[in-house]
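In what follows, a single structure is set out as structure tokens and then discussed.
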Amino acid sequence: MEEKTKEEETPHKGSDKGPPKQRLTVCLISAAFFGSVGSSFLYGYNLSVVNAPARYIKAFYNKTWIDRYNEPIGDGTVTLLWSITVSIFAIGGLVGALTVSFLIKVLGRKGTLLANNALALIAALLLALGEMAGSFEMLIIGRFIIGMDSGVSLSVLPMYLGEISPRQIRGSIGQFHAIFICLGVFIGQVLGLPEIFGQESRWNFLFGFLALPALLQLCVLPFLPESPRFLLMERRDEARAKKAFQAFLGRSDVSRELEEVHAESRAQNTQRTASVLDLFRKRSLRWQLITVIVVMSCYQLCGLNAIWYYTNGIFQEAGFQQTLIPYITLSTGGIETLAAIISGLVIEKVGRRPLLIFGFSAMAVFFSLLTVFLHYQDRFSWMPYLSFISILLLIASFCSGPGGVPFVLTGELFEQSYRPAAFMIAGTVNWLSNFAVGLLFPFIQEALQTFAFLLFVVVCVAGALYLFVILPETKNKTFVEISKSFSKINGIPDHTHEREMKDVLDTDATNGLKCSDVEMESSF
């Protein structure tokens with residue numbers, strides 16, 4: 001799977017210069033930054049923001065219940081309402097993911113991100129004003145709507161970043177998504193401290209803060225270009241696509257990029273965006289689809305979310321005072337962010353495949369150690385400290401690869417017409433797996449106690465083995481080259497892709513274009 005053709009390893013004959021040396025441009029960095037602020041950041045923030053005010057929200061539920069029914073709320077009822085408040089976020093995410101294919105067809109990549117901010121603003125109002133209105137229903141609906149926002153953004157943003165990024169830095173730009181998820185988690189922990197908004201009189205400001213990143217994206221993203229691949233292949237707007245390429249690449253001559261996209265479009269032999277059913281039927285994409293399903297399942301089922309069930313208990317066992325635990329928890333968010341940044345810096349040197357295999361393998365090791373440490377923590381006073389270190393290393397292992405690379409990979413494994421359907425499937429698998437972990441893990445933990453983490457060891461090992469056997473490296477390859485690397489396992493002869501590209505390039509040659517100029521010198 002990893003063998004490179006002679007053409008990939010050596011420069012093309014007849015070409016005096018190689019691919020243009022790619023540099024980061026202000027436009028590209030701005031699109032990645034502001035796109036992530038209003039999308040990935042909000043998702044990460046909503047993962048952690050409900051933890052600090054949990055007891056105040058439950059008290060609000062009780063007060064509202066007394067005002068309505070003149071009696072205190074039952075323990076079972078408040079637990080049910082709280083469980084719905086937390087878990088409905090994942091259901092909203094699933095609904096949002098299912099709408100992605102339709103939205104990007106109508107609004108485009110950037111347009112969908114901008115329209116999605118309406119959901120964030122509505123959710124912020126409902127969540128922030130629910131206490132004032134005396135309505136816990138507003139909180140539940142608000143969580144559902146912000147879940148929809150996250151479901152859309154988790155699919156659309158990686159697609160947008162992948163399509164605007166030159167292949168030499170596509171992974172690094174794609175990692176903005178993971179970095180801002182981790183940063184959102186961290187900021188949610190910081191703002192939830194008692195000195196800031198983690199108080200009974202201020203917890204609603206935690207949710208009002210949701211409007212700020214959305215407004216920031218709305219102020220800047222309209223002035224940045226749409227995906228040039230979308231403009232050229234789906235809107236057939238070459239003038240705007242050319243301007244977008246020029247802005248993102250920082251140079252005026254983008255003829256090679258335009259011709260490569262034209263060639264890919266003609267090689268696909270389709271003018272329409274493929275449906276999910278089309279994707280499942282496409283033999284040449286069978287193992288790309290299986291790979292995305294496996295990787296996105298492992299992303300949620302690898303057990304990181306379940307770690308939070310144990311974190312506070314481990315800190316208490318280690319002897320930390322209850323009042324200090326919120327501050328110690330900040331270390332987990334800090335480690336997440338740092339590991340994601342390091343991953344973004346090395347992904348173009350190390351590659352996607354090694355980061356994923358290393359991340360899942362390291363998680364399997366640290367889950368095994370954590371199981372041992374938790375089992376013996378009552379016998380040795382110093383054992384909880386080892387458990388805490390294992391948790392930090394688990395988080396770092398996750399964010400080094402499995403926390404962000406799956407989204408980059410989903411955008412790379414599919415060509416333009418199949419990419420929306422692929423992201424819709426990936427998003428559906430992601431949110432269903434998220435919901436399954438939240439629903440089932442408490443029961444698994446009750447039955448298996450500390451040995452529950454061994455299930456995640458199995459998932460991580462299985463994921464690492466699958467990736468080792470199946471996944472080719474995708475760094476610094478065009479989308480057509482990546483598709484070609486799956487030809488053998490899909491049972492498609494290599495010459496099929498070669499013939500398709502040869503046909504379109506021969507057509508270009510008759511129009512006065514040199515094939516050697518078009519084939520490999522493009523930044524995309």
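Cβ coordinates are placed from backbone N, Cα and C, and glycine is handled just like the others.
As recorded in TrEMBL:
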REGION    1-20  region 'Disordered'
COMPBIAS  1-19  compositional bias 'Basic and acidic residues'
TRANSMEM  24-45  transmembrane segment
DOMAIN    32-475  domain 'Major facilitator superfamily (MFS) profile'
TRANSMEM  80-104  transmembrane segment
TRANSMEM  113-134  transmembrane segment
TRANSMEM  140-161  transmembrane segment
TRANSMEM  173-193  transmembrane segment
TRANSMEM  205-224  transmembrane segment
TRANSMEM  289-311  transmembrane segment
TRANSMEM  323-347  transmembrane segment
TRANSMEM  354-376  transmembrane segment
TRANSMEM  382-409  transmembrane segment
TRANSMEM  421-444  transmembrane segment
TRANSMEM  450-471  transmembrane segment
Cβ contacts under 8 Å made by the transmembrane segment (80-104) with residues that lie 6+ beyond its boundaries:
46, 50, 54, 57-58, 61, 73, 112, 115, 119, 136, 139-140, 143-156, 159, 230, 273, 275-276, 420-421, 423-424, 427-428, 430-432, 434-435, 438-439
Express the predicted model's confidence over the domain 'Major facilitator superfamily (MFS) profile' (32-475) as a mean pLDDT, rounded to an integer.
90
Recorded stretch, among 113-134, 205-224, 323-347, 421-444, maximising Cβ pairs under 8 Å relative to the transmembrane segment (382-409):
323-347
Could you check whether the transmembrane segment (289-311) packs against the transmembrane segment (450-471) - three or more CB pairs closer than 8 Å, residues at least 6 apart in sequence?
yes
Look over the recorded stretches 24-45, 113-134, 140-161, 173-193 and say which has the most C-beta pairs under 8 A to the transmembrane segment (323-347).
173-193
Restricting to the same chain and to residues at least six past its boundaries, which positions have a Cβ under 8 Å from a Cβ of the transmembrane segment (205-224)?
27, 30-31, 34-35, 37-39, 41-42, 45-46, 49, 52-53, 110, 113-114, 117, 120-121, 123-125, 127-128, 142, 146, 188, 191-192, 197-198, 247
What stretch, picked from 173-193, 354-376, 421-444, has the most CB pairs under 8 A with the transmembrane segment (140-161)?
421-444
Can you tell me which parts of the same chain pack against the transmembrane segment (421-444), counting only residues 6+ beyond its ends and a CB-CB cutoff under 8 A?
86-87, 90-91, 93-94, 96-98, 100-101, 151, 154-156, 158-159, 273-276, 278-279, 288-289, 292-293, 296-297, 299-301, 303, 305-306, 309, 406-407, 410-411, 413-414, 452, 455
